[in-house]
Amino acid sequence: MSFSKPIIATRAEGLRRLEAFLPHASGTYRDYRNHLSHPEGLPTVSKLSPWLRHRLITEQEVIDAVVDEHGVRAAEKFIQEVLWRSYWKGFLEQRPSLWTDYRREEFAIPSKHTGIECLDDWQQELEAAGYLHNHVRMWFASIWQFTLGRSWQSGADLFLRHLIDGDPASNTLSWRWVGGRQTNGKIYLATPGNIAKHTNGQYKPAQLATDVKPPAPPELPVRIPLPSTPVWQVTPKTALLIHEEDLHPEGLFGHPHWASVVALQSTSWRSGLPVSDVVNQFVAEALKDAGSRNTPSDSNDAACYLASESGFNALLAHLHNAKITQLLTPWAPCGPTADALAALEPLLKEKGVQLIRVPREWDLQLWPHATHGFFRFFKAVRAQHPLFEPTLQNE
Ligand SMILES: Cc1cc2nc3c(=O)[nH]c(=O)nc-3n(C[C@H](O)[C@H](O)[C@H](O)COP(=O)(O)OP(=O)(O)OC[C@H]3O[C@@H](n4cnc5c(N)ncnc54)[C@H](O)[C@@H]3O)c2cc1C
């Protein structure tokens, strides 16, 4: 199940794909989202995640469009799935040590030959396409941990290096969820029957683990406070910093007169091992697209730097030459980009440049509810978020 080529990493393409998927976001999605294919060839899932993960299109835009088309009730399943992304982000943002502890570990590149046909095929597909269907991700993570006895961390690292949508929150916490480390006494165990049913009989692996006990109840770290909105103002010496966590900065800042616009690519901070070309290319192109929509007042292009020592030095030199004293950037949630920004910030300070991270209203409203399980989060969001109000009254 791969993407139709080429995979165009632009906001326009994300919006086009959203439009194309809209008719399928209610009944078809509700009934077939766990299947890899549809009897009449309709799409069973949206494959919007590469665009959503980088906020080329935002969760709010997607849910707005779906609610407009179908109303909340008819599209509730799809809306819920999109909200899982916001939930995991809010959950990790309040417990960043789940990311930093995992990220400190080192892994070897895993073998591609496990002797389990479906797993080997899916790994090949992951590496070639940079995408796997959600149900495949669940089976993969389950077989990896329970049948092969490998660590969730090594599997999460493999996914994060190869998935275009590789996301620190959704990936880390989903691997933990499958392994029983998010919910007391609950694991996700892949079974041959379930795999056969949803792959239309393509796979029915015989040798999967069956008798698996959940690990000891997870001890989750104490929550830390969430970000709040800083005071900010664009001055003649303010530059915009674009990064891959939010590639629609104009939705946050509008189009003020930026003295300069720079972009930072931090894909290499996903892992200690090399990140795939598919991922690097998508993100590089997406940063370029965001740069073309957010231009500085006196030139057309945003300069793009890699989050490396030489990239940082070139970025600092650019800011110095442009006499920049303030860098505004969308909030980067816990993960590779936030790590890269944390390394960059003291270097900026030394050069007299203040870095200001601005969170989105969406995150400020939703993240505080990501305290326990998803369904408690969903109930709170549905009850309180204005997005759901008008449609609920009409239904
Ligand atoms: C082990 C494992 C690892 C995962 N790693 C990632 C990851 O690195 N990055 C990532 O974006 N998602 C991850 N997911 C979640 C989910 O599999 C993908 O978001 C989804 O498959 C993307 O495909 P889609 O756009 O066709 O989804 P659709 O089914 O069409 O859903 C629409 C949108 O809802 C969101 N969504 C759907 N399901 C989930 C979910 N379970 N968790 C969070 N958001 C969801 C995505 O933004 C998705 O684009 C992982 C799931 C598992 C089980």
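From the backbone N, Cα and C atoms, a Cβ is placed for every residue, glycine too.
When Y29, Y305 are compared with the FAD site residues F78, D165, G166, D167 in TrEMBL, the one appearing in that site is Y29. Taking the domain 'Cryptochrome/DNA photolyase FAD-binding' (79-187) as a whole, pLDDT averages 96 in the prediction. Listed binding-site residues: Y29, D165, G166. Those with a CB atom under 6 Å from ligand 1: D165, G166. Neighbour density around each Cβ, counted as other Cβ atoms within 10 Å, peaks among the binding-site residues D165, D167 at D167.
Long-range Cβ contacts of G166 (FAD binding site) within its own chain (separation 6+, distance under 8 Å): R53, F159, L160, R270, V279. In this entry, Y29, F78, D165, G166, D167 make up the residues listed for FAD, with the farthest two CA atoms of the set 23 Å from each other.
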